[in-house]
Amino acid sequence: MAVKRLIETFVPENYKIFLDIDRKTKKIKGQVAITGEAKDTVVSFHTKGLHFNKVRAFSVDTNFIENEEDEEIVVKIGETGRVTVSFEYEAELTDNMMGIYPSYYEVNGEKKMLIGTQFESHFARQAFPSIDEPEAKATFDLSVKFDEEEGDIIVSNMPELLNINGIHVFERTVKMSSYLLAFVFGELQYKKGKTKSGVEVGAFATKAHSQAALDFPLDIAIRSIEFYEDYYQTPYPLPHSWHIALPDFSAGAMENWGCITYREVCMLVDPENATIQSKQYVATVIAHELAHQWFGDLVTMQWWDDLWLNESFANNMEYVCMDALEPSWNVWESFSISEANMALNRDATDGVQSVHVEVTHPDEIGTLFDPAIVYAKGSRLMVMLRKWLGDEDFAAGLALYFKRHQYGNTVGDNLWDALAEVSGKDVAAFMHSWVNQPGYPVVTAEVVDDTLILSQKQFFVGEGVDKGRLWNVPLNTNWTGLPDLLSSEKVEIPGFAALKTKNNGKALFLNDANMAHYIIDYKGALLTDLLSEVESLENVTKFQILQDRKLLAKAGVISYADVVNILPSFTNEESYLVNTGLSQLISELELFVDEDSETEKAFQSLVGKLFAKNYARLGWDKVAGESAGDESLRGIVLSKTLYSENADAKTKASQIFAAHKENLASIPADIRPIVLNNEIKTTNSAELVKTYRETYIKTSLQEFKRELEGAVALIKDEKVIAELLESFKNADIVKPQDIAFSWFYLLRNDFSQDAAWAWEKANWAFLEEKLGGDMSYDKFVIYPGNTFKTADKLAEYKAFFEPKLENQGLKRSIEMAIKQITARVALIDSQKAAVDKAITDIAEKL
């Protein structure tokens, strides 16, 4: 079924929306008048789950047909031209965090409810009839009445104009897409401030949280708006910017224009006990959503195939913004650790979607929001483009883009045109190969007969069909005398020895600062030279060596045994970035290590030796004035040291737990998950799991909740695991938004994996009903694909999911997961013996 475009028959100009919402009955009564241009005598509007009592056109009752399968109502208006079509209807609050839905929480044991909205991507139709397409921009006059109680407030995209007999009337919005309309009502507390330009900024949350938890997000929001106004040279166009933390939320956050909504863990920060990682995460999420107020809201993609125009740029700009506001955080290191790593891994599987991808079925719209591609890869491409253009031209091009297309819709070439006009470079020619093609290249660098040969070829992990794709690869080398771009399959540069002398004999490396989306396979002396200088290289280059060698091993280009052999080169590293690279590599090597084997003992010894110096340097206690990098690194070092069975570390972890056992939340946040995990591993106590679960239910600290989720999943007790799995059906214990994470923690552990997998299969109907429209739904397809590593599990996965391939919302994820598991099984079979030997040998030598 092709995607039907309703804007082709009706172009909306204005919506007048009145909603009467009753929380107790969960009923909605709606009246909507849509004024616009009818291009046909029969027009259609999107609708889902709405029950219509009356439809009028030209002030006369008219016939209509409700087409549930196509999610539309067909209205016979009899004439073309400007018309107002009005609807009276009834609906119910949804129960899957889409449309208009309830959020549940408790304050001092009393259960309460907030009402919020989530209309992206195409869920406005569950709240009111509409042309629910991004191109169909219009203004909105919103009025809401609800069962208001003392202490309740309501907020929306625009300021409240007046309150007439309990009807809250909001100012008319600017011209915008339907998916950006939003409102929230209930008992909320808030703090407010103003930007230098006079924009009112507010942070809102339920009273389940300390009001002080609003201070950090409010400060970040104010400073981010000020940064973007300056960087984009385009004023923030609305009178206010509200930021609301919702107890139940499908995604991380949503960029509703002027009324941004968040999952609580993505916005609120415990002022007394928060990690630097938590602050950085919250700050980048807020900066991401505020970047959208220009990229996505002011200028919106014409159709969902250009979703990357929203998400790729917002993902890039969150780092640009935070690097400017908090330079000591070194957020570009975090970018390499998370975004680059995620993109390189996902994008190496044949069949992955491109950044720009055609939408041929309505159910495919939700699949576009692939965090590894549209967000991570797309932002990596924008980082590459910004470096290629230079920051000044990049920013000036964006300013021109906003000026030219504000309140309108665009396609990718509109952005390339603006950047090209400012920079004088052919941006479209440079970017098309990256945005329109899936995958990325491996650049092979080798010297043959004094000739440096650089060649590119699409990189695959697992089986892949080479279609001869080529990219415009920015070499970004540390040497002079080499070309800027590799656009052909191969380039040969003679006189390598002389060229090396000209560059003072230093080792050659490509992709400086890890800013372009490719990896490098250095052959022979080129790799030897690079490793010989490893201590003097920039931290990001060291990280790249680990990143690229790991991926080459994963693809079978080299052996993981080869990668194990370079580990001794990194024993003296104090950098958070480099040690994270080591940690990621260790996680990959764990695939080959059988539990309770001699190889595991050798591997534990090796890991302990790799992190011994940093354990001695950092210890357990935060030091006043220490860097953000050291604070972040401590958790990695302690985790790996405990994995190595270090007696001192295990004793210290148990002592810290004992000192805080009456108030587990008071454990210093930077070491808290380490301590919680260790106690479960050490005691394997069902009673301790019970304590953790009771604490989980009572606490309002979302980061702490996530830590407790991870810790209880480490239990090795079949009865307790069964109880944990069954609790996922009880929303009073585990909220639907958290089921996927909680379940994954059990799936990834060998002891509980079979039980978690069996639970998913037995409860698929429950997951479909509860999470079918939710952004976490396909995680139950993706997570097993990221985890399973045996032929038996591959067969079971196929048997369960292949019959579901007709579900267009899951199809690509299922196909990708099968390829990933197949590749992982083959990799372990082919390399395990060599890797086990290398681990044993290096552990003895180190």
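Glycine too: its Cβ is placed from the backbone N, Cα and C atoms.
These come from Swiss-Prot:
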- GLU120, GLY252, ALA253, MET254, GLU255, ASN256: substrate binding site (BINDING)
- HIS288, HIS292, GLU311: Zn(2+) binding site (BINDING)
- GLU289: active site, proton acceptor (ACT_SITE)
- TYR375: site 'Transition state stabilizer' (SITE)
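A map of Swiss-Prot features onto the structure.
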residue: GLU120; record: substrate binding site; Cβ contacts under 8 Å, 6 or more apart: TYR179, LEU180, MET254, GLU255
residue: GLY252; record: substrate binding site; Cβ contacts under 8 Å, 6 or more apart: TYR262, ARG263, CYS266, VAL285
residue: ALA253; record: substrate binding site; Cβ contacts under 8 Å, 6 or more apart: ILE260, THR261, TYR262, ARG263, CYS266, MET267, VAL285, ILE286, HIS288, GLU289
residue: ASN256; record: substrate binding site; Cβ contacts under 8 Å, 6 or more apart: THR117, PHE119, ASN157, LEU180, LEU181, ALA182
residue: HIS292; record: Zn(2+) binding site; Cβ contacts under 8 Å, 6 or more apart: GLU255, ASN310, ALA314
residue: GLU311; record: Zn(2+) binding site; Cβ contacts under 8 Å, 6 or more apart: GLY296, PHE369, VAL374, TYR375, GLY378
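Neighbours of the Zn(2+) site: apart from HIS288, HIS292, GLU311, residues of the same chain with C-beta atoms within 8 angstroms of the site's C-beta centroid are GLU255, GLU289, ALA291, PHE295, GLY296, ASN310, PHE313, ALA314, ASN315, MET317, GLU318, TYR375. In this structure, GLU120 (substrate binding site) belongs to neither helix nor strand by DSSP; it is coil. Secondary structure at ALA253 (substrate binding site), taken from DSSP and collapsed to helix, strand or coil, is strand. Spread of the substrate binding residues is 13 Å (greatest Cα-Cα distance among GLU120, GLY252, ALA253, MET254, GLU255, ASN256). By a simple count of nearby Cβ atoms, those within 10 Å, the most crowded of the binding-site residues MET254, HIS288 is HIS288. Taking the centroid of the Cβ atoms of GLU120, GLY252, ALA253, MET254, GLU255, ASN256 as the substrate site, the other same-chain residues with Cβ within 8 Å of it are GLN118, ALA251, ILE260, THR261, TYR262, GLU289, HIS292. Most Cβ neighbours within 10 Å among the recorded positions GLU255, GLU289: this distinction goes to GLU289.
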